[in-house]
Every structure is written in C-alpha cells, then in structure tokens.
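K.L.:
Here it is, the structure in full.
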Amino acid sequence: MTPDPGLLEACWRDFVLGVVQGLTEFLPISSTAHLKVVPVLAGWGDPGLSVTAVIQLGSIVAVIAYFRADLAGVLKGISGAFRRGQWREPEARLGIAMLIGTLPILIAGLCIKLYWPGYATSSLRSVPAIAVVSIVMALLLGFAELLGPRLKQLNQVDGRDGLVVGLAQVFSLIPGVSRSGSTLTASLFDGWKRADAARFSFLLGIPAITIAGLVELKDAFSGSSAGGVLPVFVGICSAAVVSWLAIDWLIKYLESHSTRIFVVYRLLFGVLLLVWWSGSASN
C-alpha cells in the first residue's frame with residue numbers, strides 16, 4: 001500500500017523541526033526563534049506552540065541521558081541530605097539550586113497559561129519582534145563575555161545561583177531570547193566558567209522543558225495535528241539525536257572558546273531577519 005503523501009510530508013516537516021530543535025535548544029541562539037522562522041521561510045507556516053513544545057521532549061530525553069550521572073548524584077545527594085542532614089554537599093546544593101531555579105519559570109508559565117490566552121499568537125512571535133530580541137540578546141551575551149574573572153564552578157553552586165539563573169530563565173518565555181542564552185548570559189555575568197555555566201543551564205532546563213512539553217502533549221497528539229502521532233514522534237526522535245550531539249559539542253567547545261561565535265551569529269540572524277521582513281512587507 002502506498003503511504004499517504006500527506007503523512008509523508010508531515011513526517012518530513014516534523015523531522016526537520018526536530019533537527020532545528022536539537023541544534024538550537026542547547027546552543028544560545030533560541031530554538032523558539034528558529035522553530036518559528038524556518039517553517040515560515042520554507043512556506044509551511046507557524047507550527048504553533050503545542051507541536052514545538054512536544055518536540056522539545058526529544059531534547060529532554062537527550063539531556064537526561066547525557067547527564068544521567070549528574071542527575072543520579074543529585075538524587076543521591078538530596079536523599080543523603082534528608083537522611084543525614086548533609087545539605088552542604090555539592091550534589092544536594094545542586095538539587096536545591098535546580099528546584100529554586102525552576103520555580104520562577106513555572107510560576108510565570110502558569111500565569112501566561114491562565115491569564116494570557118492569546119500568547120501563542122501575540123506579536124511577540126512575529127518575525128520583526130524575534131529579530132530585535134535576537135540582536136538585544138547578542139549584545140547582552142557579548143557584554144557578559146567582557147566581564148571576568150571566570151572562577152565559579154558547578155560544584156560551588158547554591159540556592160542563590162539557582163534563583164539568579166532561574167529568574168533569567170523566565171525571560172526565555174519571550175520568543176527569540178533563548179533559554180540557554182538567557183541562563184548562560186546570567187551565569188557569565190555572575191563569574192561562572194563557561195563550560196560549567198553551560199552544564200548548569202542544561203540541568204536547570206530539564207524540569208522547565210519537560211513541563212512545557214507535557215502540558216502541550218494532548219494538543220500536539222490530537223486529531224487536529226497534521227498527520228497525527230507519527231510525525232510528532234519522528235520530530236521527537238530527530239530532536240533527541242541532534243540534541244545529544246549539540247550538548248556534547250557545546251560543552252567541549254566552551255572548555256577552550258568564548259561565546260563570541262554565538263554573539264556574531266545572533267547579530268547576523270537578527271539583522272538578516274529584519275532585512276528579509278522589510279523586503280517581504282514592502283511587496
């Protein structure tokens with residue numbers, strides 16, 4: 001039996017979205033911006049928040065698998081803290097920081113869900129808005145790179161770090177900001193070593209991305225989604241594989257390089273988007 005061409009096209013689109021998601025979720029360049037812009041440039045239209053949020057589950061599978069030893073250490077540290085009161089152990093402090101850092105975006109996301117029903121179609125998701133935000137975030141990341149020294153490591157993390165970086169993570173609800181970009185920028189401003197800042201950003205993102213994906217799971221798998229379950233599953237799988245590769249590359253890259261390449265990319269991305277939008281708007 002010949003497969004339905006509509007289903008094949010839906011699988012191809014979600015595969016591409018998964019690759020884009022995997023490449024951009026953990027790099028400080030905004031997955032939301034690229035998941036909005038790439039389909040528009042391809043003539044597919046905006047896939048919507050529900051589909052893109054669920055495809056993010058592939059990234060979560062990757063980050064949990066990649067940091068499984070760290071997460072096991074956190075669980076062991078928290079367990080030991082409850083049993084023996086060892087709250088100053090690095091693993092316990094990391095767990096507390098992750099919990100504290102998740103609360104701000106959880107509260108903000110809930111407020112948006114309850115009180116801003118038009119968020120998914122608001123002007124914040126427009127191409128010019130995303131372009132401007134990308135340029136602003138590039139400048140902030142570039143400025144953070146100028147500060148020093150880079151001394152703080154992951155084993156020094158505490159509740160204050162969780163709160164500071166967690167508050168920065170809230171800004172990632174603005175399309176184009178980038179969750180990893182906002183948390184990495186905040187960490188660099190606070191004197192973190194780059195690779196350790198990236199590791200904490202990835203770990204902190206696990207609860208936030210998981211919750212966002214699960215909240216939208218029902219809508220993305222509903223009959224209204226093009227092709228039903230299979231295309232979304234394809235997108236999740238491609239996002240998982242590419243996310244793993246992106247995480248591994250970024251951590252190794254930041255061991256010996258600055259974030260300058262991402263500053264330049266985000267500036268060019270924002271400027272080119274504005275040029276493209278201006279040209280299309282005038283036609």
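Glycine too: its Cβ is placed from the backbone N, Cα and C atoms.
As annotated in Swiss-Prot:
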- 47-67: transmembrane segment (TRANSMEM)
- 94-114: transmembrane segment (TRANSMEM)
- 127-147: transmembrane segment (TRANSMEM)
- 197-217: transmembrane segment (TRANSMEM)
- 227-247: transmembrane segment (TRANSMEM)
- 261-281: transmembrane segment (TRANSMEM)
K.L.:
Do at least three CB pairs under 8 A connect the transmembrane segment (94-114) and the transmembrane segment (197-217), leaving out pairs fewer than 6 apart in sequence?
P.N.:
yes
K.L.:
I need to check the long-range neighbours of the transmembrane segment (127-147): which residues 6 or more away from its ends have a CB within less than 8 Å of a CB in the stretch?
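P.N.:
Answer is 28-30, 32-33, 36-37, 40, 174-178, 181-182, 184-186, 188-189, 191, 258-260, 262-267, 269-271, 273-274, 276-277.
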K.L.:
Can you tell me which parts of the same chain pack against the transmembrane segment (227-247), counting only residues 6+ beyond its ends and a CB-CB cutoff under 8 A?
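P.N.:
6-7, 9-11, 13-19, 21-23, 25-27, 51, 54-59, 61-63, 65-66, 202, 220-221.
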